[in-house]
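Here the structure is laid out as structure tokens; the discussion comes afterwards.
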Amino acid sequence: MGSSGLPFPVTHQKLSLDIKVNLFSFLIPCLSLLLLFNFLTKEEGMLIQPTFNVSVICGKRDEISIRLCITASYFVHGNLHAYAYRCQIVNRFVRIVNRTSSGSSRPLVLSLGLKDHSVETLKGIVHAVVENRLWKSPALFGELAKGQSPKFMVFACSDSRVCPSHVLDFQPGEAFVVRNVANMVPPFDKTKYSGVGAAVEYAVLHLKVETIVVIGHSCCGGIKGLMSFPDDGPTSTDFIEDWVKVCLPAKNKVKAENGNIPFPELCTVCEKEAVNVSLGNLLTYPFVRDGLVKKTLSLKGGYYDFVKGAFELWGLEFGLSPSLSV
């Protein structure tokens, strides 16, 4: 297999069809199905062993209900573009069948090694394969296989609307990313927050990142929770409340300085202030402090308003002296 080939076989496990069609239009999806599998089995590098399970129930007049399941194994040894092309062929077949089915009780469902992938999901996957500019430069992956040397460490929220690689257009190898609820950085603690500590330590001491960026965002559910949860007393969640209270100082400051503004605006102010609290917490990590003192590391705060399409970036000035060993 050449350098442009897939590093592992891609498996398609199931094609299922459940439609109600007019007797006279039944031939169209059947012929489409035969053409599809004829194409796939003749493609170089693709092995397919389909098994069919068909049940047909005759209804009133000329209407029949059909349940068709096909299970197959594909091994694609071609390059990514060939794989994308095959996916497009399968997707076209889906559109043909869905157009020819009348009163469909369920659209055609395709899965790529998983369960219940919708047609729209498949379209997205095909689009990613065809359009992703990185896959048009396979040499990049050869370099990345040798190791990584990102310049940035990014703390971002787990929120599905604010993927940092999408927002900042990072390519693979450019940023070491940590995502969690409300993009928080807890203070140094070897036992309570060891997962975050390990990520910071690895990024600073081993990857030698030059900048750590903490990015907040608009409409953050974690910050809304922080502003809503009581500061004391029993909790109603197993993990969330304890976690977001990492930035309790931000909540207290925002409420003290802006207590009269509406709650949504209060949350917006806190979304930014929580970033500053996280930047301050980074100073509790000795290796971060050392990097700042030696000027090999810088800290930046960011805020992404995905509603307005705006991004802010700022820095904080710290007066630091070298860490002391006790």
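Here, residue 1 is simply the first one shown, and the rest follow in order.
The backbone N, Cα and C atoms fix where each Cβ goes, glycine too.
Annotations in TrEMBL come from automatic prediction, not curation.
If you look up TrEMBL, you'll see 21-40 marked as transmembrane segment.
Positions annotated as Zn(2+) binding site by TrEMBL: C157, D159, H217, C220. Secondary structure at D159 (Zn(2+) binding site), taken from DSSP and collapsed to helix, strand or coil, is coil.
Neighbouring residues of the recorded Zn(2+) site, listed in sequence order and excluding C157, D159, H217, C220, comprise A156, S158, R161, V162, A182, N183, G216, S218, C219, G221, G222, I223, E271, Y304 (Cβ within 8 Å of the Cβ centroid). Just so you know, the Cβ of C157 (Zn(2+) binding site) picks up 24 other Cβ atoms within 10 Å once every protein chain is counted. Taking the binding-site residues D159, C220 in turn, the residue surrounded by the fewest other Cβ atoms inside 10 Å of its Cβ turns out to be D159.
Summarising the environment of H217 (Zn(2+) binding site), the number of other Cβ atoms within 10 Å of its Cβ, over all protein chains shown, is 26.
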